[in-house]
Every structure is written in C-alpha cells, then in structure tokens.
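Peer 1: Mind looking over this structure? Questions follow.
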Amino acid sequence: MDKLPPSMRKRLYSLPQQVGAKAWIMDEEEDAEEEGAGGRQDPRRRSIRLRPLPSPSPSPSAAAAAAGGAESRGAALGGAADGEGPARGAAKSSTNGDCRRFRGSLASLGSRGGGGGGGSTGGGSHGHLHDSAEERRLIAEGDASPGEDRTPPGLAAEPERPGAPAPPAASPPQVPSSCGEQRPADAAVKVEGGAAAGDQILPEAEARLGQAGFMQRQFGAMLQPGVNKFSLRMFGSQKAVEREQERVKSAGFWIIHPYSDFRFYWDLTMLLLMVGNLIIIPVGITFFKDENTTPWIVFNVVSDTFFLIDLVLNFRTGIVVEDNTDIILDPRRIKMKYLKSWFVVDFVSSIPVDYIFLIVETRIDSEVYKTARALRIVRFTKILSLLRLLRLSRLIRYIHQWEEIFHMTYDLASAVVRIVNLIGMMLLLCHWDGCLQFLVPMLQDFPDDCWVSLNNMVNNSWGKQYSYALFKAMSHMLCIGYGRQAPMGMSDVWLTMLSMIVGATCYAMFIGHATALIQSLDSSRRQYQEKYKQVEQYMSFHKLPPDTRQRIHDYYEHRYQGKMFDEESILGELSEPLREEIINFNCRKLVASMPLFANADPNFVTSMLTKLRFEVFQPGDYIIREGTIGKKMYFIQHGVVSVLTKGNKETKLADGSYFGEICLLTRGRRTASVRADTYCRLYSLSVDNFNEVLEEYPMMRRAFETVALDRLDRIGKKNSILLHKVQHDLSSGVSNYQENAIVQRIVQHDREMAHCARRAQATTPVAPAIWTPLIQAPLQAAAATTSVAIALTHHPRLPAAIFRPPPGPTTLGSLGAGQTPRHLRRLQSLAPSAPSPASPASSPSQPDTPSSASLHVQPLPGCSTPAGLGSLLPTAGSPPAPTPPTTAGAAGFSHFHRALGGSLSSSDSPLLTPMQSAARSPQQPPPPPGAPAGLGLLEHFLPPPARSPTSSPGQLGQPPGELSPGLGSGPPGTPETPPRQPERLPFAAGASAGASPVAFSPRGGPSPPGHSPGTPRTFPSAPPRASGSHGSLLLPPASSPPPPPPPPAPQRRATPPLAPGRLSQDLKLISASQPALPQDGAQTLRRASPHSSSGESVAALPPFPRAPGRPPGAGPGQHVTLTLPRKASSGSLPPPLSLFGPRAAPAGGPRLTAAPQREPGAKSEPVRSKLPSNL
C-alpha cells in the first residue's frame, strides 16, 4: 500500500466494505484490557486501531466504554426529544471499515453525518458518511505501523462554537451501525455533554502525534526491504517484496531485515571503519610508543563504540540461510544462531580496552600505578589490542555480501571483484607482516642479532622503520630474497618462514583467480580457438590439400568471426518474446533492405524471421543446382549471387533479395543454378516452414508467385502451375486493389534490384567516351550499334553534350518514361545457341573462325525480323534488286538508317535535339524532295566522296537525296559486279551478353555437294519465347548485277573527309589488349555487356578472300552457316575495325550480301521491331 499512488489509495479507501464483526471489532474483554492498559494493543495486529484521547471533563461515555457495554460501541446516534439532552459517546463506522469513536455534541456529530442533531431517537439504516476532510486524513494517515495508536482523523475538523444552538434536523441522522452490525431501532444511547463541554481534541496534540507517527513510520520503513533492483532480484516481484515487508512488521519490534536500507548504510559505515582499524592499529601498536595521546584514545573509543553497537544490532538482524535462501526473522532463532556462529570472535574483537584503562586511570591516580603501567602493562595492552585485528572476519563477511550485491545489482563480473578483493587482502597481509617484523624485536627490546640492531635503525623515524620492515616482508612473501640481509636470530628465522608460507599461499591464490578472470573475459574466443585446433587436426589426419585447407580456414573466419557459441541453444533457452526481439534485431538490415518485408505485415515478417537459419557461402560455391529438388529458399543479407540457366543467361541478385522460392511454390525441381560471386551471408528457410508461414498469409503467397513468374519470364522460362495460380487469383478477385498494388510494388522492386546488381558487378572498360544511352541501355540488338556510337564520337560537328551521361538518376531514364524494365526486356533480341561439335569453339584455347569468305546472313526458323529491317528483306519469290555502285560502300550503313534513322530524327530526347539541329546547318543544301525523311543525323557519318585521294569508288557516300528507298537495291535482274581486288576486308563486330546464330551463305557460285542454296545448314538454337524472338542483324542483298553508275555526287564542304584508318585505329584503342585474327579465317566476337544480361547482338562478318575471284573452299552459291560462340575470353577478341573507314569496301573486293533464306512456298512472317523507339 505504501507504493500505491494517492489516487489509487483514495479509491481503495472509498470502496464500501462489508467486514464481519469478528475481523475488526474487539470483544468486550479485549476492549476493557485495552482501556485499562492505557491503549496498548498487540503489535501483531495489522488493522489500524485508534483510541480516543481522554476528555478534560468526566464523561459517561468513557465509563461506558471502560465497562465494555455493547451499546457504547455500536448504538445508533440519537438525542433527547426536547433537543437539549447531554451527548454520549457514539460509534461511527468509517469508510474503511474500522470502528472509531467520536466525542462531541449532537450538532457536531450530526453535521458530520450530513443531517440535523436533535429530535427523537431513530434507528439508522446501514449507510456511509461522506466527509471530504475525513477522507483526506484517512488517506494521509492510513498506513500506520502495526504497533502504533493514533487519534482518529477528522475529529477536530470542525470545532463547535460554545453556545451555538444545534440546527434543527429535518430527519433523524442515519448513522451506520458498528462495523456492519444492524442495530435495532430501540437501541438508543443517551448522549451527554453539550457544546460547552470542552472534550474536543486540540489540533496541536493531533499534530504532535501525527509527526511522531510519521517519524516512526519512516524509521520502520528503513528496517524493511525496499523495492529496488537488488530486492526484486532476490524475491522475484514487487508483490513478494511487499509480503516480506509484512513479515518484518509481524516479526516484532526492532527487527532489521538484512536487505533493508538501514542495514545497507550501516554495513557500509562498518566496512570503512574496519579498514581504517586494520591499517591504523598495527602501525600505532608497533611504531608509536606513547599511546596516551588524545587522538589515539579518541579513535579507539569511537571504534570500540561502533563495534559494540554492531554487536547488539547483530542480535536483531535477520539471518540469511544459504541452504534454502530463506531469511530468519524470529528473534529467538536469530539469537541462537548468532551465538553459535560468530559471536565469540566479534565479542573478543570488540572488547573496549581503552574504556577499561580510562576508568582505572580516573579512579587510581597515583604515581606508583602510572610507573607500573608504563613498565609492566605496556606489553599486555599491546597484545590485547591485537585482538582487534580479529575484526578481519567481519571484513571478509561484509566483502562477501558486497560481492553478491555488485554481481546481482550492477552485473559486474564476480571474478573482477574477487581479483580486487584478493589484491587488497594481499596488501593488507603485507602491511601486517611488515609491522610484525618490527614488533617482535621491539617486544624483545631490540636484541643485538635482530635486523633492526644490525641495520642501526633503533632510533630512526617511524617512517624509515616501516619502509624497511615492509620491504623485508614483501621480499619474504614473494620469495625473492631476505631483504637487506639474511635473518640471524631465531625469532627472525621463524618470522621469515611464516612470511614465506603466507606469501606463497596468497601468490597461488592470486595466480588462480587471475587465470579464471582471463578465461572468463573472452570464453567465446577461447572456444573458437579450441574448435579450430580440432579442425586443423582433422585436416591433417585426412591429408587435405592446401587449397581446401585455406577454404576451410576462410569459411571459419567468415562464419564465426573468431567467436564461437551455440546460438540455437541460447535462443532456445529464452522466452518467446525475447527470442523474437533478438531475431528482429539481428535481421534488421535484412528487413530494411528487402522490399518483400518492407511492404509486408509485421506479423508475417516476425513469423518468417523466427524460422530462418543463418548460413555462409564462399565465392564460387553453387548454392542451388539446376534440376535438383528444392528444399530451401534463401534471403541475402550480404553478398552477390548469379542465377544461371542452361541457356547461359545470367542474372545478378544482391543484398535484400531472395531466391529459391519457385520450387517451393510448385513443388518441382530447380529451374536454375545459383552461384555465389562473393562471400554471401544468407538466411535459409525450409519448405515446411515456408508453407506453414504462407498458409497464414495468402497475400504474401500471391506476391511470391507473381515475383517467381516475372523472374521465370526474365530468364526465358515458363511454369504452367504458377501461371494458372496467378490467373486464377486474378480472375476470382481474391485480392483487392490495395493488395494488388503492394504485389506490383514488390515485383518492381525486385526488377530494380536485379538491374542494380548487374551494374554493381560489371567492370567499366578503359575506352574512349561514347554515347552513354547506346551502351547502358538494356538492349543492344545490332552489331553496328557500336560502330554508330564510335562514329558519333569522331564526328566534328556534333555537340559535346551527347557524350555525357544522361541526367537521369538511372540509365533507364533515357529510354523513355513509359518504358519499364519489363518492356525493355521484352524488346531485347536474344538468340542462345549451342556451338557445333565440329566448331573450333569446342576447345577453349582455340578461336572460333568462319571457314568461308563470302558470307550471307539469314534468320533462323521461328525467329522474327525487326520491323526496321523488314523492308530490307525481299520475299522468297522476288528477285534481288540491283545495287548502284555509288551506294555499295554505304550499304552497311543503309541498314541502320532504315532501322534507326526514323526514330533518331523523331525522338524527343533532349540529348538528340542538338544532333538534329546540327544535322541541318546553313552550309548544307536542303535535301531533294525525293529524299527519305529522318536522314538528318545519319548523313554525317557517310564516307567522303570520290574526290578524296584515299577513297575508292566503292567508298563514296552520297547525299540523302540520292539514297534510294531500297537502301542499296537496284532494279531486278541487274548482275552483280564481281570483286576485282584481293584485298582483305576489315571486320567490325558488336557484342553483348549473348551471341546469336547467324547463317551466312556466299553468292555467285554453285553449291558443293550436300548443300543447296535454298536450305542452308543451321545449328540448333533455343525455342523462341512468347515475349519476343531472337533476331539477327541482316544485311541487304547484293547478288544482282550492278546497275550503270549514277552521276557523281556533289562535294560536301561542311563535312571534312575522315583520315585513312582513323576509325580503325580508334577501335583498336578500345580493345588494344586483344590479339589479331589469324590470317586464314575470321574470328567471331562476343563481349559481355556491362549493363544488360539478356540483350544480344550479331556481328556482321565481312569475308576474308584469299583469291581475287573466289575464296578457297567455297563455290558459287555455297551456303555456310556460322554460329557465334557463347563466350569469348578477352584474349580471343579480334582487333575491331570500322565498316565505314577507308578500307570498309575496297573496289574489287567481294561484296558482303545478305538475304533471308526461306523454303519454297513459305509465307513471310510478320515482323516486329525489337528496338526501342528512341534508339
């Protein structure tokens, strides 16, 4: 009740309580005994008993109370019929159920009851009086100690004025009967004593009594255990502490609890006093001859007084029984137990020797006594004073108690406290031993063979004597010598041996405690070292290779980080709320970095985290292998992993992502392999726990299924089970709009994280700056993209702004606001294929080279053609169109004009605006009316005209107006001009994450046996996806005879001619570390795109002729199909050359042609553009 707030206590006091008469009312004999004894009551009673103060004038009510009549305790309040009868003592039932007597006039009692005080006697029903002043006093003084008597509060609240008439009462006052007993109506008691009677309680007396009660309550509370951290740990709860307080109250008067505040401060005082005594007394006895000084006597007298008081308090202090952790509070048991344990030692150490000497000196004042004391009693007094050193036992007991207090209250390591105590005890023993080394020779009057006489230190100062004595004692105790010299006398020899024994014992104890302390400070690291020693012995026993041993060592370092502990057993011993709190704290970074958890229900996150298991993987470890049965899914806390498929498609996942959930959802086999690229710290979730959690949260199951479908779509795979589930959920309307938005947000976050992981893992090549959107776009569908970008960098009339990175936060920002990563992935051109067994690519050390000189590109079956290139390909039955000679050099560039020119000229990107403005400068003549639209930018990249001294007729460019709509296609039936110069053509290629199979067929010769022009041999490729086909960059046909030469093109003054080989040299700078191609064949090129894992491009491979007319091994009309390799190491890349340089199309060389090869009667498939509109 002491710790309850005032409002709560007021509510408790105001509650009506129906308490039985036997519980709270004394019988008549007890009442008589109480009044006869002056109001004393049993201290073991817990109810608040209040007695009235004696009235100044004799009152019949007091006599009636002494007689013990029942009417004087509980009769209803009544008065005489005429209103002026004398008042008698009336009993009133207070709101807390206690019976308190009130004295006063009828008017005052009636006013407290809320009614009048006169009239006839009437029986009162059982009601309750409501007096705010009385309630406030009851609350203030309700917590009385068991043995105190107090005046009932509220009596002197309203003193009556003498002679004041009683106000008339409308009805008789209804006073509740005594403590719940219903009195009959005729049990009226005559009330005597009017208003003039001076029987009111004075406020001063009440204040004095209240102050005395307050001090007694405060001092009583000091003897009880307080509600603090130490007591709560000892007893378990605040309720148990309150029960212990009640035990102290009921145990008797002046019983001190061992965990009370008073005992705490008393023990602290005695601890300091004992330390002072144990240090000062040996020095005073040994080195000071005059012991009659005032400071010395005062110190001894005060010390003896405190120790005597402590001896008395030990008889009233509870004793803690260490066997059953019970506390003895019975005074008789405390006395018997203390007499049997430490009483004798404490009494001997507390004998007041100085008190005895002072009493004797005051009574016997003679010179004979003083001389006798100085000569004979001095040795006895010194030896008797040594008994005070037995107080060391109290010091040890108090220190042991304080060790427990520090260990339980402040969580200090008990080993540290023990080390400090051990050091203090060693220093104290050294101090005593030093004093003893000087005291023994002094008691012998310094013989000649003692160390003091040999060193001539008899008459030196006490400081010098103490220093040499302490040095001699510590030399003995540490066993390092005998001091300045070896002992000579017999007493010195025995003292030296005693010092050695004590010192060796203390030294051994110190070493043992120090070792335990060091081991306990870092036990987890010691366990790790012991465990790793076992691992090393295991590796040595099995003779594991050094690289495996190093991997095992690295694994242990990253997994345990030098500390080993059983985390599962630790968490299993904790309560469930504490376990969840610790797991949430350990996985806070995982939750913060994972969009799946950030948008999920907190209960789902907690349920998922409590079932996770921590694992560590090294770089190169396959966490999941394709085709195996999945039993776990993984959440990435730190690290980067690669998701690999059989098509060699790779996806990066980084911190905050997860994988392996597809087989857990479909109960099938793994659809991809996952390899760790760095050290990965993962959390795994078993399939049973996964399904258990998702059964409770169906919305999160739909999110997992949707993300799994999106990931399968990104790697080119499908799953009918997941697709059916998702479509069923969407059609049935299970989820609402908010849940669908959360699922879409989770899918979008997963795509962005995969894109960021690819960017983080990509290495930036050392190359000249090129147009960033062309490189960082997730789509590089043509080999000429690299050539166009390089041409952009060398064009002198383009502004420098286009060579800077786009201003958006991400690379995808330059691709258009409406294009999401999903749309871009669906627009990518992919063509995975397997290399031929006969191809040189089967050997990793050999380059992949084509075996034909004149190659022809054809699409594979089932693959659609980009829309931008659809107009370049004639149908199966149409003859090829003739190509003018003037446009032959720009044939390769014309393909890109058709595919990209329109979108470049019509793009709204801010980066392309200066390009369009620069395309139409005032120095250029306007294009003819028949020129196709969209050539403002690309016309600057045409080679210089025939007037250049380093250019040939095959390298001439022409204005936009002279470019035919067919982009190098002439009238049908025109024969093709054969090549005349046997010069090798340069070779340009573009690369991305994958390579597409390209079918090349030479023109102009008969096919060899086993081959036909209509059905060229192709290698197998992956089936097309629903989201898009794998297309190839096709070159326009050039098999028809050349048309008559057109008129020469006018010279363009605004565009300076490019230097010979300039673009080729610049391309060589980009990949200078790549070796040259072999002379007998061309090598395919594949370079991994740093920003896209799914986009693929095709290299346009020009022929490498060996003879002027025909390449060796290839006849007219022979078709040769080549497959670009999947991977090409950095050492197998050819030196890149430009298609548009001076050596791009030499006169007389074989012309690179391309035409779609279809079977007879095959219908042309509709083509769709796979290029983004703003590229």
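Any Cβ shown, glycine's included, is placed from N, Cα and C.
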Peer 1: Can you find which of Arg681, Arg702, Arg711 Swiss-Prot lists as binding 3',5'-cyclic AMP at the same site as Gly660, Glu661, Cys663, Arg670, Thr671, Val674?
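Peer 2: Between Arg681, Arg702, Arg711, Swiss-Prot records just one in the 3',5'-cyclic AMP site with Gly660, Glu661, Cys663, Arg670, Thr671, Val674, namely Arg711.
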Peer 1: Per the topological domain annotation in Swiss-Prot, are Lys289 and Arg484 located on the same side of the membrane?
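Peer 2: Topology check (Swiss-Prot): Lys289 vs Arg484, same domain name.
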Peer 1: In Swiss-Prot, one of 330-352, 583-605, 767-789 is tagged transmembrane segment. Which stretch would that be?
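Peer 2: Within the set 330-352, 583-605, 767-789, Swiss-Prot attaches transmembrane segment to 330-352.
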Peer 1: Using a Cβ-Cβ cut-off of under 8 Å, list the residues of the same chain that are 6+ residues beyond the ends of the topological domain 'Extracellular' (445-449) and lie near it.
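Peer 2: Answer is 458, 488-489, 492.
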Peer 1: Looking only at residues six or more beyond either end of the transmembrane segment (330-352), which have a C-beta under 8 A from one in the stretch?
Peer 2: 251-252, 255, 301, 304-305, 307-308, 310-311, 314-319, 384, 387-391, 393-394, 397
Peer 1: Residues sitting near the transmembrane segment (260-288): Cβ under 8 Å, six or more positions beyond its termini, same chain?
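Peer 2: Distant contacts of the transmembrane segment (260-288): 222-226, 248, 296, 299, 303, 306-307, 310, 313, 317, 382, 385-386, 388-389, 391-392, 394-395, 398-399, 401-402, 428, 431-432, 435-436, 438-439, 442, 462, 465-466.
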Peer 1: So which other residues, same chain and not among Tyr560, Lys563, Phe565, Glu567, have a Cβ within 8 Å of the centroid of the Cβ atoms at the 3',5'-cyclic GMP site?
Peer 2: Ser524, Tyr528, Gln561, Met564, Asp566
Peer 1: Given a 10 Å Cβ-Cβ cut-off, pick out the one of the binding-site residues Glu567, Glu661 that has the most other Cβ atoms nearby.
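Peer 2: Of Glu567, Glu661, the one with the most crowded Cβ is Glu661.
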Peer 1: Taking 8 Å from the centroid of the Cβ atoms of Gly660, Glu661, Cys663, Arg670, Thr671, Val674, Arg711 as the cut-off, which other residues in that chain fall inside it around the 3',5'-cyclic AMP site?
Peer 2: Ile624, Gly630, Met633, Val643, Phe659, Ile662, Ala672, Ala708
Peer 1: Report the same-chain neighbours of Phe565 (3',5'-cyclic GMP binding site): residues 6+ apart in sequence with Cβ closer than 8 Å to its Cβ, ordered by sequence.
Peer 2: Ser524, Gln527
Peer 1: Identify which of the binding-site residues Lys563, Arg670, Arg711 has its Cβ surrounded by the largest number of other Cβ atoms within 10 Å, counting every protein chain shown.
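Peer 2: Counting Cβ neighbours within 10 Å, the top one is Arg711.
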Peer 1: By a simple count, how many Cβ atoms lie within 10 Å of the Cβ of Val674 (3',5'-cyclic AMP binding site), its own Cβ left out?
Peer 2: 22
